[in-house]
Amino acid sequence: MSSGCRSVGGSTWGNWRGDGGDLRQRRVLSPVCSAPAAGSWIGSQLGNVGNLLATPHPLGKPASSRVGTIVLACLLLFGSCVVRAVPTTPSPPTSTPTSMSTHSHGTVDPTLLPTETPDPLRLAVRESGILAEDGDFYTCPPPTGSTVVRIEPPRTCPKFDLGRNFTEGIAVIFKENIAPYKFRANVYYKDIVVTRVWKGYSHTSLSDRYNDRVPVSVEEIFGLIDSKGKCSSKAEYLRDNIMHHAYHDDEDEVELDLVPSKFATPGARAWQTTNDTTSYVGWMPWRHYTSTSVNCIVEEVEARSVYPYDSFALSTGDIVYASPFYGLRAAARIEHNSYAQERFRQVEGYRPRDLDSKLQAEEPVTKNFITTPHVTVSWNWTEKKVEACTLTKWKEVDELVRDEFRGSYRFTIRSISSTFISNTTQFKLESAPLTECVSKEAKEAIDSIYKKQYESTHVFSGDVEYYLARGGFLIAFRPMLSNELARLYLNELVRSNRTYDLKNLLNPNANNNNNTTRRRRSLLSVPEPQPTQDGVHREQILHRLHKRAVEATAGTDSSNVTAKQLELIKTTSSIEFAMLQFAYDHIQSHVNEMLSRIATAWCTLQNKERTLWNEMVKINPSAIVSATLDERVAARVLGDVIAITHCAKIEGNVYLQNSMRSMDSNTCYSRPPVTFTITKNANNRGSIEGQLGEENEIFTERKLIEPCALNQKRYFKFGKEYVYYENYTFVRKVPPTEIEVISTYVELNLTLLEDREFLPLEVYTRAELEDTGLLDYSEIQRRNQLHALRFYDIDSVVNVDNTAVIMQGIASFFKGLGKVGEAVGTLVLGAAGAVVSTVSGIASFLNNPFGGLAIGLLVIAGLVAAFFAYRYVMQIRSNPMKALYPITTKALKNKAKTSYGQNEEDDGSDFDEAKLEEAREMIKYMSMVSALEKQEKKAIKKNSGVGLIASNVSKLALRRRGPKYTRLQQNDTMENEKMV
C-alpha cells in the first residue's frame, strides 16, 4: 500500500473522538499497510501528510483544526488506495491468549457508518489482543468539580484513665453465726423404777415395770447435793394431781452418797446413788411382789440455744422452753419464759460443789434453776449482749483494695480471688440484733495485723468503717496510707494552712458515709405546757397529748429494741458469686485498659497519618481518595478541596494487546494498550481503545508513553493475574502465587490475660453445718443407750428358756436329713427331752422352797448316817470281835459266870484262851475271803487273764494257810464240871 493509503487509513482511524473530545492518533497501522506504487507522487505526499498528522503539534493545538485538510486530501486521492474487504465481525479469541486469529477478507462490516470504510488492519490488531478471563475492571471519567470533598481536620484523642478512686486498707469479714449458743447445764432428777414380779410354784416372771423421772427439789440441791455431796433416797412427785412418795428398797429415807457413773459420754459427766434396781421375791408362791428403786442422778451436760434464744435443748433430749438469758434483773425479764414463776429461781452469789473433788467453787456465780415435771435444770446466768452474737468472724484480710465504681464500692481481695460489692453508705451495727461483738473483734484483729505488717510503712487514715456486702457479708474496713503519701498530704495542708482538715483530706469518703438525718419531731420534744387563764382549753389538750406520748413510750421501751424490729443478716452458703465477680472485674479491667490504650494510640496514629494523606493527595489524588473512601473514584485537586467522580465498572470484555510499541520507532507505551467494550455482547462499533492502568483501571486514552529502552521487563496486573512483557512484547501470564508478597501491615501485639486459679472456699465447714441444730441426735442416742445400761441387773428377773432354743435347732438339723433323719431326730429328741425334763424337774424342785427344805433335811440325815457309819467302822477297826460278836464281850462272860456261881472279881485266867485264838483266826480268814471275792469280781469284770491268775493263786494260798482243822468236843468242860 502506498504512503498515501497509510495516511488516509491512519487519518480515518484516528478521527474517532472519545469521551474527552480529543482526536486519538494511531501509529500502529502504518507498518501493516502495503507499500505505495512506484512513481506515485500523490501517495507519497499523502503519506507525508499522514506523518505530519501523526506528529504532535508543538503548540499543543488539537487535531480538530486540521480535519478539513485531511478530509480534502482523502477525497482527492481516494481512488488511488486499494481497499481490502474485512469480515463483518471479528472472530472470538482462541483459547490460547497469545495466539493470533485469522479472518477472511472481502466482507463489509454493516455496523459501520455509510461514510466509514472498514479497515482490515484495524480489525486484525483488535483481534490479536488477550481477553481478560476474570477480574473486575473500572473506567473513571475525569472529575469536573461537581462533587468536591475535603480531608477531616485532626481529632482530640482520649486519655487513658480508669476513672476510679482506689483505697487500700485492712479488713475483717463477718458472716452469719449459724452455730448455736452453747453453755454447760446441770440436770437433777431421780429415776424411779417400780417392778412387779409374779412368783409361781416353780418359776418367777416380771409382770409389770413402771419407770419415771421426777425432779429434785431446789432445797435438796442446796442442802444435800451442793452442800454434802449426797442425795436422799426418798422421791416426791406429783402425778394426776396426787402427791406420790417413793423410797429406795422400800425402806426408810436415808442419805446416799453420789458416786461417779460408770457410763458417761465424753462431753458429759454424771453421778448417781446406785447402779442396781431392787427386785424383791418372797417365799410364798402364787402371788405378786412389788419393789421400788430410787436412783438420784446428777448430770453435767451441754445445752444449746439458737436465735432468737427463746428455748434451749439439753444433750439428754430434754428441751427447756425458756431463754437461757432469762433472769430477775431488769434487762433479763423481757426474755421468754413459758414456765410459772414458782418454777423458776435465781440465786446470786451461788457456789456450786464439784462432786468429783468435793470442793466448792471459789468464785460465786448467778445460778438459775427451773423445775420441769421431770427434771430440774440449773445453769450459770450471763448477760445476753455479752455472750450471744448473730455474726461471727470469717476472714481476716491483710490486703484489701476498695474502689468506687458507678455509685458502689468494690472490695477486691486477691488472696482469696473474690470481689464484694456494697453501697457507699456505711452499715449501722445498731440495725442488726446482737452485733456488739463485731466492733470489738474487728478492732482487735485489725490492730494485730497492723502491728505485724504495716506499723513501719503505713498509717491509718480513718476509723473502722462497716459495709454490708451482697450475700450477707459484713466488711469491717479501715483505710490506710503509705508514709510517703501521708507526708505529701501533710505538706499540702501546711502549705495551704488547712491543718484542721487533716482527717477529711486523708479520708475524703468519711463525709459521704456519715450522712446526717433529720430528727423526727414528736410530742416528747415539746415541753409540757403550763395552764394559763387565757388558753385553758388549748393547754389541756396539749397536756393530754403529751401524757399519751409518755405512756406510749414507756410501754414500748425504746431503749430495748426487740428483735422483731431488727433485721437479721442472712449469709449465703457459698461465695462463688464473689469469685466470679473478681474474675469478671479482673478481665474487665484488663480489657478496658487494653482497649483504652489501643484507642488512644489509634487516634494518635490517625492524626499523624492525616498529615501524610494531606501531602500525598497532591501527588496522586485518585489513589488517595479511593483508599480513603474505599471506593474507585477519579480525583483532581481544586485548590484546598478535591473534585471526584465515581468510576464505572466495565461489564464487557477487555482485550490486552501483545505489543506496547507505538507507530514511532523511538516511542513506546509505558502501560499495555487494551481494547474493551462497556457492555456485554457489544459489536465492533462499540469497542473502545484505551490503556491499562493500576489496579485494573482502564484509561480511555493512550497517553502514557515513554522512550523505548533495551532489555525492558514489565509485570502488569491484568484481572486477577499478572502479565509479563519483555522488550515491550507480551510473553506470558504469571499467577500471583509465583510472586512473593511483602506485607505492609503492622502486627498488633497484645498482652494476653494472666492465668488465675480459683480456690474452693467453704463459708461453713461440715462440722459447723452438723452443729447447727438444737439437738445432737447421736449424743442423745449414746446417752439413752448408756442410761439403759446403768441398771444392768434387770435381765436377772426375766428367765429365758434356752433349752427350747437348742432343741429347735437340733430338730431343724434332723429335718434337713430327710425322712430317715427326721425319724432319728424324733427318737433322739424324745430321749433328750426326757433327760432335759428330768433335769429341769430336778432343777425346778431345787428352786422350789419345799424342795430346798427337803434337800436340806436329806443332807442332814445323810450327815447323821455318815457319822454313825464312821463310828461303826472305827469300832470294827478297834475291836472287830466286840463289834461283830458282842457275845464275846466281858459283860456276857461275867453274866455267864454269874449264872454258874462265880464272882465278878474272879481272875480272868479261867477264860479259854484257845477258843479266843480260834475266833481270831476265823475273823481273819473271813476278811481274807472277802478280799479275795472282791479281787475275783474285779478280774471277771475287767476280763483280764492276769487278774484271774492272781485270784486263783490267792485261793491256793488260802487253802494251805492256817492250822489244821480240829473237831470240837461234844461236851463243854464247864458243863461237865457243873454236873459233877
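Every residue, even glycine, has its Cβ placed from backbone N, Cα and C.
Per Swiss-Prot, the stretch carrying the note region 'Hydrophobic membrane proximal region' among 67-87, 823-843, 865-885 is 823-843.
The disulfide bond recorded by Swiss-Prot for C140 joins it to C647 [selected from C647, C668, C708].
Per Swiss-Prot, the residue from the list N497, N952 bearing the note N-linked glycosylation site is N497. Candidates considered were C603, C708; the recorded disulfide partner of C668 in Swiss-Prot is C708. In Swiss-Prot, C389 is paired through a disulphide bond with C437, chosen from C296, C437. Just one residue in N165, N971 has N-linked glycosylation site written against it in Swiss-Prot, and it is N165. Looking at 53-56, 253-256, 597-600, 965-968, the range tied to motif 'Internalization motif' in Swiss-Prot is 965-968. In this structure, the disulfide-bonded residues under consideration are C296, C437, and the one with the smallest number of other Cβ atoms within 10 Å of its Cβ is C437. Taking the Cα atom of each, C231 (disulfide bond) and C668 (disulfide bond) are about 136 angstrom apart. Around C668 (disulfide bond), the C-beta neighbours below 8 angstroms that are at least 6 residues distant in the chain are M660, R661, S662, I705, E706, P707, C708, A709, Q712, Y728. Long-range Cβ proximity for C603 (disulfide bond), meaning a same-chain Cβ under 8 A and a gap of 6 or more residues, is found for R155, C157, P158. Annotated pair C389 (disulfide bond) and C647 (disulfide bond), C-alpha to C-alpha distance, rounded: 83 Å.
Neighbour counts were taken at the CB atom with a 10 A radius for the disulfide-bonded residues C231, C708; the maximum falls on C231. Of the disulfide-bonded residues C157, C647, C647 has the largest number of other Cβ atoms within 10 Å of its own Cβ. In the three-state DSSP reading, C437 (disulfide bond) counts as helix.
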